[in-house]
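Record features (TrEMBL):
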| type | residues | note |
| --- | --- | --- |
| COMPBIAS | 755-770 | compositional bias 'Low complexity' |
| DOMAIN | 87-167 | domain 'Cadherin' |
| DOMAIN | 168-276 | domain 'Cadherin' |
| DOMAIN | 277-391 | domain 'Cadherin' |
| DOMAIN | 392-496 | domain 'Cadherin' |
| DOMAIN | 496-618 | domain 'Cadherin' |
| REGION | 755-774 | region 'Disordered' |
| TRANSMEM | 613-642 | transmembrane segment |
């Protein structure tokens, strides 16, 4: 290669930048192609010639390398020489200076500025960065002026096989149905290699199985795993562990490899029938077991799992197919045997059944393998139990006439002990069902008798419960319902269905139907009711009315003539005899009231009162009552008005205006203190107007009339005030008409030794003329008024 470069340089007549590359022997052995050198222009190694030069001059070619190569991961004691830069302008006088810039310049790649040699200073990894783009330029060493434009070139990192294949998604898990044929697809794995897939075979992978043969195989280039053996059975081995290898360099010696694991699980198919664990099962059951109770379990095992292991159970043969049933437990897949009908030890002591278990889901691919079901024999032994009595019938219906005699037998119930011991039975009536105790039963033979009379019209049906109890074991009890129907006898007479009152028009015509009446009978004959109607014997030749039997078992009342008058006779009474068709027949007499009324020309009743004839024309009784009520109301209003006027003008209490002491009592004066007994007569506390009676109220009307008390005679000054006040207080408390403003009622007795002074003027020992009441004005409005009253009283006395 150096010789070839020399020849190209010698043929170039224009100044060119020549890229002189010295590579390692391994790189030099690589064949050169024309894409690795480029023609340069006349001015620089990479400049194009102008059009004039192309026309006038013969162009000489200068060859340069536009890319260089360096092996990755190469290391040695000295930096690696990547290549050399050279220009034709360099005469060898060392005036040219080479400058390098771009990716990794100065750090990864360093250039000798005199010789143009480029060295790699670090160990390179193609997987980190595959190529570097740099720019070279020649400048004057003294002036640093460019001698030619910069030239760009690439340094590529050449790949070596330094990365092993990797399974990024491993380890893998896959499934395949059991019993699959050879070549059934299982899964696909994928490995990656970080080496250059274009250069060499560093990234060319080949797959193989290290573990897992002979059950599975793998395609070397597609990495598809398939089954290699037929009919692999999950029940024999369910899981397989397969090791897959990926090797680069096309699988040749010296290549790198990586491995991964694939866990392959065989999924279940229904290829196994159910199988009973034993061919014969034995169970025992008490005869009194409740219906629906389980008495035993059978199990058919299936090597399959999930839906493929589900089985259904049936009883296909045996003498107890209608007595027992078998169902499947969804959780355990057991067959549960239950009782469908009652068992009886005395009737049958054992049963033999043939039970079948069959798969629910059948795989058609394996149907030829045989029936997917199995059978087993079940023997059931019935054990004796102490059973309650059994009645001869589950229910009883008895009939009795309502006129049956007391203690008459109306029916009988029977029961027996089904056990071998056959205990005697005693009968009784559940009195909760016969609260009125209308029936009795013989405890020995079960005959039911009548205890009280029956009435069909009151209660047609009686429902009682008979209890049968074993005498040897009172806990064994049975009950049976007994319905007793009361049959009818003709013991009720017919009567009118309702109270009828007929209306007869004065202008009625002969033969006119006045009223249609019907009858009812509480009895209920088998053929229905049929009533016979007739008049009393003394009324057969009634001159006014006659009767007619209708087909619908009703009766029509007809008038014999016209010209009935209310003034002549307002009401007619017509007795009618009603008889039934019973045996013996029953009859009753009902009276129909016929009222004569005034009717319009159309026969519409207008008035049935005889008083209407004596009323004034155009004025009815109702109008007169309304007028009278209005007059009474007006009189009441006038009386109330006058009373209120008088009540307003009269004073509330009859009093003497000259009596100042009474004024004091009226205005809530306490009176003299409890010790004020020397200067006045205690009798002054008495109201002079009420000595011989009670003080009447004019402002209210007493609810109760209070009898006047006997007047109290004046008492001496030495009387006890405490006793006097208590007597008056007791009278006032029991007097509902007493005024509420009595000072004694309000203040009562203060008690002896009160520190408060009395406000009464009676305490003073001075004469009335010496009293001055002006100071009371300073005590407030009430005392000011009190002072004025006293002043007025004194001035009146002086006058």
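Our numbering is plain: 1 for the first residue shown, then up by one each step along the chain.
Placement of Cβ uses the backbone N, Cα and C atoms for every residue, glycine included.
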| query | Taking DSSP states H, G and I as helix and E and B as strand, how many residues of the domain 'Cadherin' (277-391) are helix, strand and coil? | reply | 10 helix, 57 strand, 48 coil
| message | Counting by DSSP secondary structure, give me helix, strand and coil numbers for the domain 'Cadherin' (168-276). | response | 3 helix, 46 strand, 60 coil
| In the predicted model, what is the mean pLDDT computed over the domain 'Cadherin' (277-391)? | 91
| Secondary structure composition of the domain 'Cadherin' (496-618) [DSSP: H/G/I, E/B, coil] | 7 helix, 52 strand, 64 coil
